[in-house]
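What follows is a short report on a single structure.
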Amino acid sequence: MPDEDVAPERVVASGADDVERAAEAALRPRRLAEFVGQRVVRDQLELVLHAAIGRGRAPDHLLLSGPPGLGKTTLAMIIAAELGTSVRVTSGPAIQHAGDLAAVLSSLEEGEVLFLDEIHRLARPAEELLYVAMEDFRVDVVVGKGPGANAIGLTLPPFTVVGATTRAGLLPAPLRDRFGFTGHLEFYDPDELRQVLVRSAGLLGVELEVAAAVEIAGRSRGTPRIANRLLRRVRDWAQVRGDGRLDLDAARAALEVYEVDVLGLDRLDRAVLGALCERFGGGPVGLTTLAVAVGEEPETVETVAEPFLVREGLMGRTPRGRVATPRAYEHLGLATPDAGQTLFD
Ligand SMILES: Nc1ncnc2c1ncn2[C@@H]1O[C@H](COP(=O)(O)OP(=O)(O)OP(=O)(O)O)[C@@H](O)[C@H]1O
Ligand SMILES: [Mg+2]
C-alpha cells in the first residue's frame, strides 16, 4: 500500500514528483527567520542550534517528522545553513546496502550535516551501521571478500544526522533514541499559508492580491506545498484567461477549473463524500462498497481521499464502516437526515 499521497495529476496531492520538487527548490526559505509558521519547532531548533554554535560543537542528531509538504527538507537545509556547514543528502530508499551508507559516512567532513530523508525506509543492515555511527562516530568497513575479509574500524569526525520521516511511528525505538531532538511539524493555519503565498509570489515575480492569497490559503489543506502549487495554477489562469493580475476573481476562477472547492476538496473527495451521503444514507458503509460506488480502487479511496476527509471532520471510520458527519451534509449543501429516519434505526 502506498504510504502517502503522491499523485502528480492531483492538484491537491500532498506529495510531489521529481519535476515538482525541482520547481520547489526555488521557493525554499533559506534561513530560520524566513521560515513561516511552526513556531514551536522553530523555537526549539533555534535553541539547539545556537547552543551548539556557542559551544563550537556539532549539535545532537535531529529528527523531523510530519506529513508530506510541511517543510522537513526545507528545515534540514536551513539547519545546515544556520550551522554554516555543508549538507550531504541521501535517503532511506537510495541506500540499498550497508556499504552505500558506510561510503557516505566515511566521506563526511567535520561538522557536516547528513540529511537522511525517508529514514523509516532504511534497510535493516544500514540501520544497524547507522546506530553505531550516530552513537560512537565510528563505522566498520569490511575490506575484501570471503575468508580473507577484514573489518576495519574507521573513526568519523563529529557530524550531525538530520533525519526526516512522514512515519515516525515506523522508526525502530533504538534509532529514534539516537536523536537528541525531534521536531514534529504540524499543519499550517490559513494565515500562515497566506504568508507563504505572499512570499512565494514575490519570488515568482507576480503580484498577488491579499484577497486572492486568503482564498488560495483556505483551500490549501494546511500544506505549503499545496499552497505553492495552487498559486502556480492561479498564475497560469491569470496569464491565459485573465489580465495577468492575481486577484480574487482569478483565484476563484482558476480553482474552479481545477475543481478545488472552498475547503480544498477535489473531485474525488467530493465524489466519495457525495456517495456516502446520498447513496448510502450517511453510512455506515464498507470501504469496498464505497469505492465501487465512485469507480475507484479501495486503496485509492483509503489513501488518497479519506485522510483529509477524516481530518476535516467530514467523515468518520467506525468498526461497521464509513460514516458521514453532519458537517459533510452541510458542506455538500444537503439536508441532514433525521436521526429517526435512517435505514438502520
Ligand atoms: N514554513 C515554510 N515557509 C515557506 N515555504 C515552505 C514552508 N514549509 C514548506 N514550504 C514550501 O513547501 C514546499 C515543500 O516543502 P518541503 O519539501 O520542505 O516538504 P517536506 O516536508 O520535505 O515534504 P516531503 O515529505 O514530501 O519530502 C517547498 O517548496 C517549500 O518551499
Ligand atoms: Mg522532503
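If you go along the chain as it appears here, the first residue is 1 and each next one adds 1.
Using N, Cα and C of the backbone, Cβ positions are placed for all residues, glycine too.
ATP binding, as stated in TrEMBL, involves LEU27, ARG28, GLY69, LYS72, THR73, THR74, GLU135, ASP136, PHE137, ARG178, TYR188; the candidate among ARG225, ARG229, ARG232 given for that site is ARG225. Contacts of LEU27 (ATP binding site) defined by a Cβ separation under 8 A and a same-chain sequence distance of 6+ are given as ARG199, SER200, LEU203, LEU204, ASN228, in order along the sequence.
Within the set of binding-site residues GLY69, THR73, TYR188, ARG317, ARG322, THR73 have a CB atom less than 6 Å from some atom of ligand 2. When the record's ATP-binding residues LEU27, ARG28, GLY69, LYS72, THR73, THR74, GLU135, ASP136, PHE137, ARG178, TYR188, ARG225 are compared pairwise by CA position, the greatest distance found is 37 Å. Close to ligand 1, meaning a Cβ under 6 Å from one of its atoms, are these of the binding-site residues GLY69, THR73, GLU135: GLY69, THR73. Cβ packing within 10 Å was compared across the binding-site residues ARG317, ARG322, and the lowest neighbour count falls to ARG317.
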